[in-house]
Amino acid sequence: MYTMGLDIGSTASKGVILKNGEDIVASETISSGTGTTGPSRVLEKLYGKTGLAREDIKKVVVTGYGRMNYSDADKQISELSCHARGVNFIIPETRTIIDIGGQDAKVLKLDNNGRLLNFLMNDKCAAGTGRFLDVMAKIIEVDVSELGSISMNSQNEVSISSTCTVFAESEVISHLSENAKIEDIVAGIHTSVAKRVSSLVKRIGVQRNVVMVGGVARNSGIVRAMAREINTEIIVPDIPQLTGALGAALYAFDEAKESQKEVKNI
């Protein structure tokens, strides 16, 4: 039995096809989110990889920022529930999830069974999000994917004290004019993000294991800065961007099983 989970975010679209609720047979990430061709391109890639068609997929669950704009799904489920389900499937001992997305940052607290107990979110300001990193990368003229490796060479991290993106831009430009090293500026940017997000973690309560997901989790500099700020090791799964889509695919499997039961009872 095949089920599918789609996670349509603000800046990326992700998809997972699951077999029998256990095996990931295909996954895909496209750097285009809601309101773009991203979701349809994810489907095209997934079907191309597997040779499957829509009629072969028993159930589809969609999650993410753009879930309500996607009509060809059997159910919409919040990204909070889907990330909790997906992460718990990969790392059952997880108690805290840090999810830094393109437009917001979320911290989730799970119980011993992987169920969502509580969450906090920062969605009022770009600082502390992937968007903030995109803006900063453009200012210092590097690709955002290179920030993590660049920051690892820092020996004299500069301070980025502003919590507002506009003022932080001015600080970075000032550091550049003072000939600060790029790696030291990037390290300061990472610490700025980590401080903002770690305040959410501390408010909700740090419980190990702590797992970080989302595209920003691929940035080793951010992960290191976050671990330092909360004084706890952070685990990054092999598929940090896909945990929401995976959780959605698992919920889709639940839906498919329930449908089978209903058919048998007729």
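Each residue, glycine too, has its Cβ placed from N, Cα and C.
Record check: Swiss-Prot places Ser10, Thr11, Ala12, Ser13, Lys14, Gly102, Gln103, Asp104, Asp134, Gly215 at the ATP site, and the matching candidate among Gln241, Gln260 is Gln241. Checking each of the binding-site residues Ser10, Ala12, Asp134 against Cys164 ([4Fe-4S] cluster binding site) by C-alpha distance, the shortest gap belongs to Asp134. By neighbour count, meaning other C-beta atoms within 10 Å, the densest spot among the binding-site residues Ala12, Cys125, Cys164 is Ala12.
DSSP gives Asp134 (ATP binding site) a helix state.
Annotation: Gln103 are the binding-site residues among Ser10, Ala12, Lys14, Gln103, Asp134, Gln241 whose CA atoms are within 10 angstroms of the CA of Cys125 ([4Fe-4S] cluster binding site).
Every protein chain shown contributes to the tally, and the Cβ of Gln103 (ATP binding site) ends up with 15 other Cβ atoms within 10 Å.
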